[in-house]
Amino acid sequence: MIANETIAAIATPPGIGGVCIIRISGAQAHAIAVNITHKKNLVPRQAILSHFYDLSGEQIDQGIVLYFPAPHSFTGEDVVELQGHGGIAVAHALLSATLDFGARLAHAGEFTQRAFLNDKLDLAQAEAVADLIHARSQDALRAANRSLQGVFSQKIDALADELLRLRVYVEASLDFSEDEIDFLGEGKIREKLVDSLQKTQQLLAQSQQGQLLNDGIHLVLAGKPNAGKSSLLNALLGEERAIVTPQAGTTRDIVREDWIIDGIPVHLSDTAGLRESQDLVEQEGIRRSFDAVKRADIVLLLADGSARDNDARAEFVSLQEELHQLAPHAQFLVVYNKADLVDEQTAGDGLWISAKTGAGIEILLKKIATLAGKNQHEETVFIARKRHIHALESVEAHLQRALQQLEQFFVAELVAEELRLAHLALGTITGTVSSDDLLDEIFSGFCIGK
């Protein structure tokens, strides 16, 4: 990114629509807008009706021009928005005119990156812009808004300030060590360390909830043929998404659907029935099913509840053990289907449902939400990403080591160093500590017009 260049991009989705918006940012934004509108003076923050012209003077469209002079704009630079009639030809003609008059095409996320570099928002807030756009549920939308408003950043900054003050206090013990002032021994440092560690762990738990709303979970329906996996998929989605027949082995390939449960995005996979097969196509489907289980966060292991013979039960137990070994990280929930065909339901730790009648489905949904970790109060959750989680886990580890150094070895230098490293890890979240590579990676995932 070259900061002194003026950039432009289409800020609205491609295709036919009511309005198209061209966004321009940089020192030449006002001059470019004057050339396109043929108006000598653009009143700041006022919508002005204008014709739009290309480099040859031919009229392109009629619409609205808005001018936001620096520093009171989204990017902190001079910003202009040209709002024309929606349509592919109009949008591209307006964009071409901005480029002809001196702008260059913006890179993905470059408007938001300039806002970050001009201190209009920190890195966590910048990421929240993209998360807001990609939110797939109302819970995710509200959480992204909290991050954009600075709720997450304020918590990070407050914790960073505490760690900095604590580090100064510890380092003071080094400066006054010869004066027989026992800073470490008086207990205040340990008390503050424990408090900071607890706040970090609370923040980590809230961030994990935010990541859950952002990334969702991978949920796999697995089991023997004819257990009712495809019927359950259809029951959960409320539509006939998968083919259901009495014939075992109907599902040959994985059927994937994105779904929302209690505000959590769920990547749902219905898999082929797991059994020995001589059919080459079915064998490939079974192999893919095992791969899906390996990647799952939650596995719903379905059993045919109407199959009461000992052989069927033994096969199910064997499959259960095999899948647990295959995916030790995943959470498993045993689900007994076809409750409508059974008079007596005894299932130990499993749930009874009927995909056909819908019995037990509501209980199953609540159980899935619980397994996914939906347990935070809505007003405390903000959107978070994997890198935020990793940074907070690093902070937690450094504070735990600092506490260990304090309690076991009483070495102030090592305590101060762990506090310094914890403080640096926090800085990577809001961007007070960042590299060009990290910034490029983050902003390259944005839309061109953002």
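Keep in mind that glycine also has a Cβ here, set from the backbone N, Cα and C atoms.
Record features (Swiss-Prot):
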- ARG23, GLU81, LYS120, LYS450: (6S)-5-formyl-5,6,7,8-tetrahydrofolate binding site (BINDING)
- 226-231, 245-251, 270-273, 337-340: GTP binding site (BINDING)
- SER230, THR251: Mg(2+) binding site (BINDING)
- 216-373: domain 'TrmE-type G' (DOMAIN)
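On the structure: features taken from Swiss-Prot.
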| residue | record | CB count, 10 Å |
| --- | --- | --- |
| ARG23 | (6S)-5-formyl-5,6,7,8-tetrahydrofolate binding site | 25 |
| GLU81 | (6S)-5-formyl-5,6,7,8-tetrahydrofolate binding site | 20 |
| LYS120 | (6S)-5-formyl-5,6,7,8-tetrahydrofolate binding site | 18 |
| ASN226 | GTP binding site | 22 |
| LYS229 | GTP binding site | 32 |
| SER230 | Mg(2+) binding site | 24 |
| ALA272 | GTP binding site | 28 |
| LYS338 | GTP binding site | 22 |
- Among the binding-site residues ARG23, GLU81, LYS120, report those whose Cα falls within 10 Å of that of ALA272 (GTP binding site); none is a fine answer. none
- Give me the Cα-Cα distance between GLU81 ((6S)-5-formyl-5,6,7,8-tetrahydrofolate binding site) and SER230 (Mg(2+) binding site), rounded to a whole Å. 49
- Confidence over the domain 'TrmE-type G' (216-373), expressed as mean pLDDT on the 0 to 100 scale, is 83
- Would you kindly give the Cα-Cα distance separating ASN226 (GTP binding site) and ARG23 ((6S)-5-formyl-5,6,7,8-tetrahydrofolate binding site), rounded to the nearest Å? 55
